[in-house]
C-alpha cells in the first residue's frame, strides 16, 4: 500500500512539472455590450458580480494567473477548450473543497455569532446542511458565492446568517437586497429573516407587485435592513422615487437564480446591476444549474476580484432520498376520478399525516341544527350522501400548468366535499396570501396551484405533491416535488401521465437521475367513484364557464384591468361619450307659439301650426306655471315638438356657455311678452330632466327611465351645466338617480364613476355588496373606471378585513371562582376561534347581524358557568354593535 501511495505521489509531481506553458491572456474579455447580444439574452457574471469596469486596476499576480489557467483565452478571444474540458471533467468528479474537506459540524465552528446560533437552536436547527456548511464561511469571509443544492436543503439560511452577522458592521440604510422570482417566496424569505434576526432587531421590507406602492415607498423610506423584492417592483420604485438610495447595499442575493437569469427579468436585472454599488457581495442560489449559471461559473473574474466560491451538490440525483416518486398511467378524460380516489385513499406511508381541524364545542341542540345544515348543503351536491363524505386528505399540493385548470379543479374538489383553495397568478395578492395562510394553518388540506407555488415555498408537513399536468421543462418538476420531503422528512410525489406524456417522463427521469415507479391503482374502486365525480365535473364546468376576472381572462386583459386597480387614470378617459351639438341659429323661428286655453288644468292643449305640425306644451313648464315669481320670457322646443316656457336669466345663471350658445345675451321681449323660440335637439324627456335640475324642482311626480337619466347626464356638460352641482347630494336629480339603485346598482355605480359623483357612488355601494367580485368582467371594469374600481375592491376587502378583525378577540375571561376555573374558559375560547373562523371564511360583506348571532350564540349552550355565559353574551352584543357601525361607515 505504501509503494502504491509513493507511486501515485510521483506521478502527480510529473503531471505538475509537465503542465503546459502559460499562454498570455488575450486583451479580449467579456465586454459590456456582449452581455446582451439580444434583448432576451441573460446577464453574465460580470454584470452580476461587478457591473463597473476599471482598466487601471492592477493585474493578477503570476501565481493567480497560474491558478486561473483553465480560463485562459486563445487568440481572437476563443476559449482554450482543452483546459475547459479538463476543468469540466474535474468538476463532475470533484466538488468544492469546502464541501468535502474541513466541513464544519456545527454553526459555532463556522463562527456564527451566539445570538444567531441561539435563534437557530430555537428553530430546532443545530447541525448545518451541506449547502450551509459550504457557503456560510466564504460569505462571512467576504467572497461572492454561487450555491447549488437540492430543494429543501436550507439555502435561505445559507445566505441569511452571513447577512445578519455582518449587519452589525453597517446597520444604517438598506444593507441587503434579496431578489426572488415570485411574490410568495419573497414573503417567506422575509419571515425567515424576521425569525432569525429577532434578537438583533432586524427590520425587513417586502416589495412585490400587487401591493400598494405608496405603503411600500413609506417602508423603504424608513430604511429597513433587508429588502426582499421581485425585480420588476423594486425597479419601479427606483425609477419613480428619486429619494430611494441603494448606495449602502452590501449584499445582493439572487434566490432561485435559474429563474431570475432569464430573458424575463433581463432588463430589470441590468438596471439593478448598474445601480448597486460595485463593492457589494453577490450570492446566487439555485436548485438547478442551468446553462446561464454554468456560464457564470466559467466566466473569468474582473481584474482584482477573486473567483466566486462555487458549491455544487454532491449527488447526481436532484431529488432528496426521502422522496418517493411515482407515476400513474391514466386516460386524460378520467383523471378526475383518479385524483378523487387518490385524495380519499392516499398512500399508506402518509396516511398518518392527515390534519383535520377540531370540531367546535356543540350542544345537542346545535348538533341537531348542524346535522340539518349539513344535509341541506349535501342536498345541493347530488351523488354524495352523508356516509360518502370523504375524510380530508393529508396536506397536498396539486400542480397544474394553467390558471383555468386550477380554478376548475378547485371547484371540482369543493363540490366533492374536499376542502381546497387556489393559488395562481391571476388572483390578487391578498387572495394569494389568504390561500397560503389557510393551507399553512391546516384549515384547508389541499392547495391547487400553478408553478407560482413551485419555487422556494417552505410549507411544513406537505405530505404529497400531485402533478395533474406534467411541466414543460424537467427543471420545473424538480421544484414542484421539492415542496414535500423537506428538511429530512418523508414525502410522496405522484405524476399523472396521459397518452401524450411519455416523452416528458423520459426527459424528467433523465434530469433527476432516477426512474419513477409505477403506482398501482385499483381500477374497480376508481370506476365506482365515476358517477360522483361526473356530477362534480358538471358543476365545476358550470362555474368555470363564466368569464370572470380570476379564472378566464386572457393575460393581456388581466394586465389591463390590473392597471385600473393599481394606477388610476385620468377621469376624462372614462366619461360617457358626449353627443356633439349641431350648430343652431339664434334667430326666432317662424313658428306660431300656441297659447293654452283659459280652462287649462293639468294637460297641455295641442294646436296646429302653420305647417300642420302637432305640438304640445309641457305640463310643468307652461305659461302661468308657478315655478318662478316672474313670467317666462323664453320658449324651448324639443325635438319631438314639445314647448317649454322658461326664464332666460335662470338658464344664464345655470349655464357657463349660454346654454350651448343658444340663449340671447338678454331678453329683448317687453315685460309680459315672450321672446324667441329656441329649438334644441334633445327629446322632451331629456329636456324635462335638465330643466327640473336647473329649477331645483322635485321629481316625485314622475319617474323617467334609467336610460333617459343616463342620456340627460351626458348632455348636461354640453349645455354648460355642472354635473357635480346638479347631481350632487341633496339635489332632486341625485334622489332620482338613487331611486334606481336597487335595480341597476352596477350601472349606477359606473355612471357615478364616470362623472366623479363620489357621494352617489357611496350611496350606491350598499346595493353592490351582494354583487360578487368574482363575476366582475373586464367590460364592467372598463365602464366603472380606475379610481372607483379600486374603491369597490377596497370596499369589499375592507369590510371583510374589518369582520375578521372584529371576530378575532374571544370573550373576555373572568376571574377564577370556586365553581369555574380556567378549563371552561379555554374551551369557550377554542370554540369561539373555530366558529368565528368558519363564519369569516363564508361571510359576505353584507353579512347580517342575525347570521352572526345565530352562528355564535349556540356556543353558550353547554356552558355551566353563568359568568362565562355572560361574557359570551357581552362579547356577542359588542360584536353586533361594532359590525353595525362598520356597515354604516365603510
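We count from 1, first residue shown onward.
Glycine is treated like the rest: Cβ placed from N, Cα and C.
The model shown is predicted, which means the values in this text are computed figures rather than measured ones.
What TrEMBL lists as compositional bias 'Basic and acidic residues' is 1-20.
Positions annotated as compositional bias 'Acidic residues' by TrEMBL: 47-64.
Under the heading domain 'DEAD-box RNA helicase Q', TrEMBL lists 105-133. Note on the domain 'DEAD-box RNA helicase Q' (105-133): residues 98-99, 140, 147-149, 153-155, 157-158, 161, 164-165, 195-200, 285, 311, 313-314 of its chain, located 6 or more positions outside it, place their CB under 8 angstroms from a CB of the stretch.
The domain 'Helicase ATP-binding' annotation in TrEMBL covers 136-307.
Averaged across the domain 'Helicase C-terminal' (383-527), pLDDT for the predicted model comes to 87. Sequence annotations record features per position, and here TrEMBL assigns domain 'Helicase C-terminal' to 383-527.
The feature region 'Disordered' is assigned by TrEMBL to 1-73 (among others).
Feature annotation from TrEMBL assigns region 'Disordered' to 354-389 (among others).
The motif 'Q motif' feature in TrEMBL is assigned to 105-133.
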The domain 'DEAD-box RNA helicase Q' (105-133) - residue tally per DSSP class, helix then strand then coil:
13 helix, 0 strand, 16 coil
Just give the helix, strand and coil counts over the domain 'Helicase C-terminal' (383-527), going by DSSP.
55 helix, 25 strand, 65 coil
